[in-house]
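J.: Before I ask anything, here is the structure I am working with.
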Amino acid sequence: MERPLCSHLCSCLAMLALLSPLSLAQYDSWPHYPEYFQQPAPEYHQPQAPANVAKIQLRLAGQKRKHSEGRVEVYYDGQWGTVCDDDFSIHAAHVVCRELGYVEAKSWTASSSYGKGEGPIWLDNLHCTGNEATLAACTSNGWGVTDCKHTEDVGVVCSDKRIPGFKFDNSLINQIENLNIQVEDIRIRAILSTYRKRTPVMEGYVEVKEGKTWKQICDKHWTAKNSRVVCGMFGFPGERTYNTKVYKMFASRRKQRYWPFSMDCTGTEAHISSCKLGPQVSLDPMKNVTCENGLPAVVSCVPGQVFSPDGPSRFRKAYKPEQPLVRLRGGAYIGEGRVEVLKNGEWGTVCDDKWDLVSASVVCRELGFGSAKEAVTGSRLGQGIGPIHLNEIQCTGNEKSIIDCKFNAESQGCNHEEDAGVRCNTPAMGLQKKLRLNGGRNPYEGRVEVLVERNGSLVWGMVCGQNWGIVEAMVVCRQLGLGFASNAFQETWYWHGDVNSNKVVMSGVKCSGTELSLAHCRHDGEDVACPQGGVQYGAGVACSETAPDLVLNAEMVQQTTYLEDRPMFMLQCAMEENCLSASAAQTDPTTGYRRLLRFSSQIHNNGQSDFRPKNGRHAWIWHDCHRHYHSMEVFTHYDLLNLNGTKVAEGHKASFCLEDTECEGDIQKNYECANFGDQGITMGCWDMYRHDIDCQWVDITDVPPGDYLFQVVINPNFEVAESDYSNNIMKCRSRYDGHRIWMYNCHIGGSFSEETEKKFEHFSGLLNNQLSPQ
């Protein structure tokens, strides 16, 4: 039944009247971010909580989740705990998400939907207005006062959009010996000209900020353990001795301002704020007694190999790690990633049970970084593959390697959703100041501009977009502290901003992806050559906090491989799509056949965001044979190589349609090929290419019997950004006798040590009972 127009209009107006004040109240409680649309992005400083509010940390945990959602866990009084869902609201969820660096909350969940937590239930009957600076400022029953069980643990779903410039405060500011003394700001101030001219700063006075004044710490009770903690905070793995005579002479020339307390560290702390307060220093400026006639405390730090100082001399005693038994994978920055350990020649992960800053710091120092600023849990830096080597690690902090720590070799109850990671302190190199993005719609995108020296002056200019790719964009985003690259643009249509920077000053850029800065990549130097020229051909990037990570199921390839002699009259689609070897053109179409090496491939997305094709819908290609669109022309390579690495046959699969075939647990499928659907692979899902579909093969009709290597490479041209490209290659040993084929030892590249990998490539026998080893 139709209603009169007036009735509709009145209802709408009434609804607007009800919603308007609610919307205004809601928006009034949110912080405003006008700077989000300005360049450059200022560093975000979280609103200060009242002095009487407890200092806490938050994290999201649980299984089957994205990085921006999970069970809410609170670190308070030295212990992680959960929050009860009683009286929880979207306003409280907003506070949680903003405290974790997300712009807002999308929703919240009750009844332990992300699994039951452990430890105390810190907060119950929580009431927030939505404008609190921290969850601790909301009203509740009090810390630990609850009648809830862990079946009522609350969870939140935050927006993927990050607050621009947000910086995590990863170290809890400890109240030293219950006094109102907080060591929040500390620095190493280079005193000698030798160190003032070098980056990073590795030697100088240790200074603490008291109010607005920087003050020195008296060395009367200063120890090497204190120095170790300070060096670790600033990204250095250890400390060393220094020339005291020079500093005595320098200190005698000027009056010092001393902090009235000393520190007492054990050397295992991740931050000096965790150290105890030492004896109070006797200071009496009226009687000219300062620091009990001592000197300002000095530290001299040992740099990791990656961060050895610039200059022709370099440091001969720079920290050089031995053959690594530990590595980091999947991180956006140097010194960040999922922890992987080498055991019995095979790389495996670490379970996050009992994972803490002390153990994480051992890993960081072992790799040549400083102490850990965060012990990452819940596979928030992506899931690994292979075995879980270590569980329930408990380090004292003095170990040289994580394998020296106590641990449980049994990993029962652990899975890769619990892979541990680290974020290490790294030295401040000042590299962010030499690069900027201009003209973007937000701080995470724009035209790349570099600061270079020309004719004795520093000038800003563009980077030539010719041959610019995702690997180069990755280096830019990392240098700027903006995470991973999501897109690399060879042409940019951004607002040009500073007209003085419209000149191309860098060209021919080629990066390996591991460089600290764009300047460390190969480029043309001052011999700039950019044939296309023009402002629109300046290189551009779009950055993202997260990235996907594709991994092939090697076991499935090994289990599903077989040979098929397929008649030519059944290969018409394959001929049209050029999926056969060149000799197929001479094969009789009525009586001839082709010998096909067939297999299934299952490609998982183990990363922290969805894998999306580079091209938009407008560039997808329709395939009549398959009756759907293909979104990526080159998604995987299938190659058969001889033992010298020479290609003897290859798959010619023309292009690919990406979709979610299956997903883990309760993860929802988002992509499908049918009906011109959206294409991609959701985080936690996989795309299955069955052995019986067209072009899922390698044509080996012309290949003679022998021993070979079978190789599959995902995303071979790096068209789409991933958090880890090292696991995109799968290799198998294969033996073909002219009638049958055996596939064995299939594994992902980088799964084994270099020594084991060499043995694999030169071993000519099978490891199963189908054929005897030679």
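Cβ coordinates are placed from backbone N, Cα and C, and glycine is handled just like the others.
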J.: So, in Swiss-Prot, which cysteine from Cys148, Cys158, Cys301 is disulfide-paired with Cys231?
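T.: Within the candidate set Cys148, Cys158, Cys301, Swiss-Prot assigns the bond with Cys231 to Cys301.
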J.: Pick from Cys291, Cys405, Cys414, Cys424: which cysteine does Swiss-Prot list as forming a disulfide with Cys364?
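T.: Here Swiss-Prot pairs Cys364 with Cys424 via a disulfide bond.
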J.: Report which of Tyr258, Tyr494, Tyr689 appears in Swiss-Prot with the annotation 2',4',5'-topaquinone.
T.: Tyr689
J.: Need the cross-check against Swiss-Prot: the disulphide partner of Cys148, picked from Cys84, Cys218, Cys265.
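T.: The record-listed partner cysteine is Cys84.
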J.: Calculate the distance in Å between the alpha carbons (Cα) of Cys543 (disulfide bond) and His630 (Cu cation binding site), and round it to a whole number.
T.: 26
J.: Determine which residues of this chain, when Asp549, Leu550, Glu722, Asp724, Asn727, Asn728 are set aside, have a Cβ within 8 Å of the centroid of the Ca(2+) site's Cβ atoms, and list them as they appear in the sequence.
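T.: Result: Pro548, Val551, Asn606, Gly607, Ile714, Asn715, Ser723, Tyr725, Ser726.
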J.: Would you please pick out, from the disulfide-bonded residues Cys543, Cys732, the one with the fewest other Cβ atoms within 10 Å of its Cβ?
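T.: Across Cys543, Cys732, these disulfide-bonded residues, the one with fewest Cβ atoms within 10 Å is Cys732.
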J.: Should Cys477 (disulfide bond) be counted as helix, strand, or coil on the basis of DSSP?
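T.: In three-state terms, Cys477 (disulfide bond) counts as helix.
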J.: Are there any residues at least 6 positions away along the chain from Cys218 (disulfide bond) with a Cβ closer than 8 Å to its Cβ? List them or say none.
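T.: Long-range Cβ contacts: Tyr258, Trp259, Ser262, Val281, Cys291, Glu292, Gly294, Leu295, Pro296, Ala297.
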J.: Whole-number Å only: compute the distance from the Cα of Cys84 (disulfide bond) to the Cα of Glu722 (Ca(2+) binding site).
T.: 36
J.: Sort the binding-site residues Asp549, His630, Asn728 by C-alpha distance from Cys685 (disulfide bond) and give me just the closest.
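T.: Sorting the binding-site residues by distance from Cys685 (disulfide bond), the top entry is Asp549.
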J.: Of the recorded positions listed here (Cys97, Cys511, Cys521, Cys530, Asn644), which is spatially closest to Asp549 (Ca(2+) binding site) when Cα positions are compared?
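T.: Closest by Cα: Cys511.
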J.: Between Tyr689 (2',4',5'-topaquinone) and Asn728 (Ca(2+) binding site), how far is it from one CA atom to the other, in Å?
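T.: Here the two Cα atoms lie 16 Å apart.
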